[in-house]
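First up is the structure itself, then whatever we jot down about it.
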Amino acid sequence: MIADIELETFINDVYEYYGFDFGSYSKASLKRRVTRIFLLDGFTNFYDFLSKVKYDPEYYKRVVDEITVNVTEMFRDPSFYKIVRNEILPVLATKPFIRLWHAGCSTGEEVYSMAILLKEAGLLDRSLIYATDINSKVLETAKKGIFPLRMMKEYSDNYRDSGGQQDFSNYYIANYGNVKFNQDLTAKMVFSQHNLVSDHSFNEFDMILCRNVLIYFDNDLQKRAISLFDESLSVLGFLALGTKETIKYSIASGKYKQLEKEKVWQKVK
Amino acid sequence: MAESKVISDCKVVIIGGSAGSLHALMDILPAIPRIDSFALVIVLHRRGGDDQTLEGLIKIKTKIPVRIIEDKVSFLPGFLYVAPSNYHLLFENNDTLALDTSEKVNYSRPSIDVSFESAAEVYGKNLVGILLSGSNADGTEGIKAIQKAGGTIIIQDPASAEMPFMPNNAILNTTPDYILNTQEILNFILSINN
């Protein structure tokens, strides 16, 4: 692994040259990610790597894309999606129009999962899902709605475990080892680049999903992101985080009510 | 052999295992009365999804208090921690734990290599790494990293392991401080910092 001092130099230089601040990222994970790309691209000397990052903006972009973790899956944690299906969507159904924000959506698998739930609840027509990520490359994939066919067995099992009763393959067309999800799902998604470290609130939402993104931030940056979500959430709106994440340390208690033991909070005032 | 080197400055004992390691753990854990001076971390290959069966099982079998791992939970001596399913477990410099959902390593998340390497970075010579039974190569790189950082490494004797591949692979690629059966591993843990 790269040394702590090398990581600090990397953070400082990236900030100085590109204005991007990795300083509030969780160090243990960042160190692993930087080491990974350093080795993957065949470097042996850290300062060769660093000068390539500094003087080659295209390479810098690659490094940022590779550092941010883009591993996701459809219906990750089926029990969470069951709660969405059975307890959250019936509440959202009382609204004339439903706005959702999927922050840190990566390649979009969870966005398509949500669209399928909305469709099955008969709500997709009056819903709009804003899906954002810091990484422009993953957003291109998400927009296309094309995913590897080999993943569908696992996703189909997750879908069923989340309470899905349809034939999962109705939602896509398979071709050449890939599948393309149906256009009626994609039509209700708006993809754009958004940086939780530096960008502001851009709309008011009835539900915000940000799952397994905050684990990469330190406590201060988590607080910033959660207050950004708070500003962007309507009263009685829902905030959903990853199964190991919490808002407990970031926001005054009493403002949000947790749904039993789930990582979902409803804004009550 | 276990008595030849006295471990007196241990802060963390980390145990990794895969197939067959749960039985070994169930031989070891119930006989440990308490651990005051170090933390115990268990990283086992386990099924994906949000599943806490393993935590539940371990809680029943140990007198050591188990702390459920959440993002940035404080990492304290005296407690037992279990790497959660579907996350890699990492160690921060300020005695907290961090989680990561990045790619599987050795087909595994949590991966033993990932946690061992991260613990070696932070705890160096104050770390004891123990690798148990398993049928996959995970753990070998992690054991190497612990040794390189000055920590102590113990491999379960392959003859006593249900699945000898994982300990064998580590023995072939490192020079372990100890190769022990489960009773000897237990005795070793009981001797730490005494």
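Just so it is clear, glycine is given a Cβ too, placed from its N, Cα and C backbone atoms.
Taken straight from TrEMBL:
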- B:6-194: domain 'CheB-type methylesterase' (DOMAIN)
- B:S18: active site (ACT_SITE)
- B:H45: active site (ACT_SITE)
- B:D138: active site (ACT_SITE)
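TrEMBL feature annotations superimposed on the structure.
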| residue | record | DSSP (3 states) |
| --- | --- | --- |
| B:S18 | active site | coil |
| B:H45 | active site | coil |
| B:D138 | active site | coil |
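When the Cα atoms are compared, B:S18 (active site) and B:H45 (active site) turn out to be 5 Å apart. Mean predicted confidence for the domain 'CheB-type methylesterase' (B:6-194): the pLDDT average there is 95. When the Cα atoms are compared, B:D138 (active site) and B:H45 (active site) turn out to be 9 Å apart. Within 10 Å of the Cβ of B:H45 (active site) there are 24 other Cβ atoms, across all protein chains.
Neighbour density around each Cβ, counted as other Cβ atoms within 10 Å, peaks among the active-site residues B:S18, B:D138 at B:D138.
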